Every structure is written in structure tokens, then in C-alpha cells.
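Colleague: Sharing a structure below in C-alpha cells format, with a few things to ask.
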């Protein structure tokens with residue numbers, strides 16, 4: 001992390017030269033009243049703990065149960081890791097700021113936070129698309145599943161997803177550190193996000209916004225299209241199953257993932273395609289909370305409640321811990 005911050009500082013100095021630049025940002029958060037701050041602290045601390053524990057249990061259960069050592073659950077374990085990392089990237093700093101009554105964050109820390117927020121949003125998107133394809137193969141081509149979705153292929157897809165996420169985040173970061181912020185350093189947000197930072201800059205952000213639009217649209221459209229057509233084929237295949245038990249088994253395999261997909265893209269449509277024209281800053285905050293806090297917290301419940309294999313693995317893990325006491 002220190003090396004990354006040093007890299008940001010060097011890059012910033014190269015592009016900005018001797019011009020006066022800011023050294024920190026002020027995060028305004030949600031409310032200014034102290035009583036609201038205390039409520040926010042308790043609320044976000046609770047959601048943070050639930051998210052870390054829930055997703056952590058999924059990762060441990062998958063790693064300990066050899067039956068779940070398949071590409072399907074490799075993707076789920078990585079999604080849980082990304083969810084833990086996503087909420088840990090923003091919420092702890094916000095909680096510290098509330099307790100210390102300090103709203104400042106250094107320039108390097110802010111850009112680093114922005115970098116990782118992009119990584120985790122993109123990886124979530126890519127993993128959801130990859131998981132949809134995995135479910136398509138499992139339901140529509142069950143006899144060829146072990147051939148089409150070999151463990152090495154699952155690992156390759158995971159590595160590619162993480163690689164692309166970091167490349168996209170690095171691209172936005174390298175473009176951002178070339179911008180000047182003059183004397184404007186107040187962010188109407190609870191963490192450093194790309195869109196509010198671009199609005200704050202006093203430089204020309206046309207290239208940044210163009211790259212954000214093109215890359216962002218590509219990152220959304222490709223996984224969404226893959227998920228959409230995968231589930232169209234899955235639904236058609238399930239409807240052709242004659243037995244009720246067979247239909248239920250197919251639904252339990254992909255139902256939890258479909259719920260997460262609908263939640264994820266429903267959030268995108270609701271927040272970014274139908275934004276509030278009167279309070280655009282509130283829209284940014286709502287979108288950030290849904291992506292970085294609410295969705296990561298809900299995901300473990302969806303996967304554990306609606307996935308038979310996952311429920312069995314979690315039950316084994318809990319029983320093992322109880323018996324060891």
C-alpha cells in the first residue's frame with residue numbers, strides 16, 4: 001500500500017510540476033448533526049460486521065468442503081472476498097472519522113481508496129457474468145460440465161477477471177492523477193469515489209469522462225448480456241424438465257445467483273438510469289452505499305438460504321466448531 005501511494009505521489013509530481021496542489025480531501029459524509037453521526041456509526045458498524053462474518057463463513061465453508069471445490073464455488077468464494085474487501089475499503093475509514101470527528105483523508109489515501117473501489121465494483125460485475133455462464137453450462141449441458149468447466153479453466157477465468165479489474169482501475173487512476181484540484185478539496189461523499197472527484201477537479205475532465213463512459217458501459221453490457229442470455233437458456237431448459245423435483249433442483253442451483261444478479265443490475269438501473277435531478281449528490285451516495293455496503297451484506301444470506309449445497313457446507317462448519325468446544 002505504501003509503495004502504491006509513493007507511485008501516486010511520483011506520478012502526480014510529474015504531471016503537476018510546481019503548480020499549487022492540495023494535500024488532502026474533506027469527506028462530508030452523510031449528516032453534520034452529532035446525533036445522526038452516532039446513529040450512522042452504530043448502523044454501519046453493524047452492517048460491516050455482518051458482511052465480514054457472513055462472507056467469511058462462505059469462504060471458510062467452501063475451502064473446507066472438498067465437495068464444493070468446483071469452478072462454481074471458486075467464483076462464489078472470490079465474490080465473497082471481493083465483498084469483504086469492498087466494504088473494508090470504505091466503511092472502516094468512515095467509522096474512524098466519525099469517532100475522531102475528523103473528515104480529512106490524504107491525497108494519496110483518497111486516490112488509493114478510489115482505485116480499490118473501482119477494482120471491487122468491476123470484479124463483482126465480471127464474476128456475476130462468469131457465474132451466469134457457469135450455471136448455463138451446469139443446467140443446459142450437465143453431461144459436458146466437467147469438460148467445459150474444468151478447474152483450471154475456472155481459475156483462468158478468475159485470474160482474468162481480477163486482472164481486467166485492476167487494469168481498468170489503473171487506467172482511471174493514471175488519468176485522474178493528471179488533474180488539478182486547485183483549492184477545491186471538499187467531497188460531498190463518505191469515501192473517495194471517481195465521479196465526485198471528477199466533479200471536484202478544476203481541470204478539463206473530458207477525456208476522463210469519455211473513458212469512464214466507454215469503459216463503464218463495456219464493463220456493464222458484456223457481463224449483463226452474458227447473464228441475460230445464459231438465464232434465457234436456463235429458463236427454457238428448466239421448463240422442459242418434466243419432474244417437479246428436477247425443476248426444483250435446477251432452480252436451487254441458479255436461483256440464488258439470479259437473485260444477486262437482479263439486485264446488482266436493478267441497483268444500477270434505479271440509481272444511474274433514473275437519478276434524482278434535484279439531489280444528484282445524494283444519488284451518488286445512495287449508489288455507493290448500495291454497491292459497497294448493502295449488496296455485500298445481503299449476498300451471504302441469499303446464497304446460504306437458497307443454495308442447498310451451501311447450506312449443507314455451512315451446517316457442517318458450524319457443527320464442527322460446536323463439537324470442538
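Yeah, the Cβs are placed from backbone N, Cα and C, and that goes for glycine too.
In case it's useful when we look at the structure, here is the feature table from Swiss-Prot:
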- 1-38: topological domain 'Extracellular' (TOPO_DOM)
- 18: N-linked glycosylation site (CARBOHYD)
- 39-62: transmembrane segment (TRANSMEM)
- 63-70: topological domain 'Cytoplasmic' (TOPO_DOM)
- 71-92: transmembrane segment (TRANSMEM)
- 93-113: topological domain 'Extracellular' (TOPO_DOM)
- 110-202: disulfide bond (DISULFID)
- 114-133: transmembrane segment (TRANSMEM)
- 134-152: topological domain 'Cytoplasmic' (TOPO_DOM)
- 153-171: transmembrane segment (TRANSMEM)
- 172-208: topological domain 'Extracellular' (TOPO_DOM)
- 209-232: transmembrane segment (TRANSMEM)
- 233-249: topological domain 'Cytoplasmic' (TOPO_DOM)
- 250-272: transmembrane segment (TRANSMEM)
- 273-285: topological domain 'Extracellular' (TOPO_DOM)
- 286-305: transmembrane segment (TRANSMEM)
- 306-325: topological domain 'Cytoplasmic' (TOPO_DOM)
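Tell me what's around each of these sites.
Modeller: Mean pLDDT for the topological domain 'Cytoplasmic' (63-70) in the predicted structure: 88.
When DSSP labels each residue, the topological domain 'Extracellular' (93-113) comes out as 15 helix, 3 strand, 3 coil, counted as helix, strand and coil in that order.
Long-range Cβ neighbours of residue 110 (disulfide bond) (same chain, at least 6 residues apart, Cβ-Cβ under 8 Å): 24, 25, 192, 197.
For the topological domain 'Cytoplasmic' (134-152), the DSSP counts in helix, strand and coil order read 16 helix, 0 strand, 3 coil.
Residues 70-71, 74-75, 78, 115-116, 118-120, 122-123, 126-127, 130, 134, 211, 215, 219 of the same chain, all 6+ positions outside the transmembrane segment (153-171), place their C-beta atoms under 8 angstroms from a C-beta of that stretch.
If one looks beyond the topological domain 'Cytoplasmic' (233-249) by at least 6 residues along the same chain, the residues whose Cβ comes under 8 Å of a Cβ in the stretch are 135-136, 139-140.
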Colleague: Count the CB pairs under 8 A between the transmembrane segment (39-62) and each of 114-133, 209-232, 286-305, then give me the winner.
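Modeller: It is 286-305, which has the most Cβ pairs under 8 Å.
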Colleague: Can you tell me how many other Cβ atoms are located within 10 Å of the Cβ belonging to residue 202 (disulfide bond)?
Modeller: 11
Colleague: Would you kindly list the residues that approach the transmembrane segment (114-133) from elsewhere in its chain, counting only those six or more residues past its ends and only Cβ-Cβ distances under 8 Å?
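Modeller: Long-range Cβ neighbours of the transmembrane segment (114-133): 4, 72, 75-76, 78-79, 82-83, 85-86, 89-90, 157-158, 161-162, 164-166, 168-170, 172-173, 176, 191-194, 197, 219-220, 222-224, 226-227, 230-231, 257, 260-261, 264, 291-292, 295.
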Colleague: Six or more residues out from either end of the topological domain 'Cytoplasmic' (63-70), which same-chain residues have a Cβ under 8 Å from its Cβ atoms?
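Modeller: Residues packing against the topological domain 'Cytoplasmic' (63-70) from afar: 77, 149, 151, 154, 309-310, 312-313, 316-317, 320.
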Colleague: Taking residues 6+ outside the topological domain 'Cytoplasmic' (134-152), which of them lie with a CB under 8 Å of any CB in it?
Modeller: 69-72, 74-75, 230-231, 233-234, 237-238, 250, 253-254, 257
